[in-house]
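**Student:** Dumping what TrEMBL says about this protein:
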| type | residues | note |
| --- | --- | --- |
| COILED | 34-61 | coiled coil |
Amino acid sequence: MFQYRPPGNHVVYPPDPRCPPYHRQYTGGYDTHVHMIEAHYSQLNRKVQRLLERVEHIERYLGIKP
């Protein structure tokens, strides 16, 4: 088995050819690339929601928005 180094310090091993193709192949426990993108999208969605709540709080504090 070979190994290759991505940018950074951690070592990534290619998927084992003996494993079925649905075996988790992505770091972080993601099944597919789509699963990874969906998780990141929902994380960004939560961050945007928190920022919007903070902006609304600040606007109410400053009296900009009733």
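Any Cβ shown, glycine's included, is placed from N, Cα and C.
Automatic, uncurated: that is what TrEMBL annotation is.
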**Student:** In the same chain, who gets a Cβ under 8 Å from the coiled coil (34-61) while lying at least 6 residues past its ends?
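**Tutor:** For the coiled coil (34-61), the sequence-distant neighbours (Cβ-Cβ under 8 Å, at least 6 residues beyond its ends) are 26, 28.
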**Student:** Summarise the model's confidence over the coiled coil (34-61) as a mean pLDDT value.
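**Tutor:** Per the prediction, mean pLDDT sits at 93 for the coiled coil (34-61).
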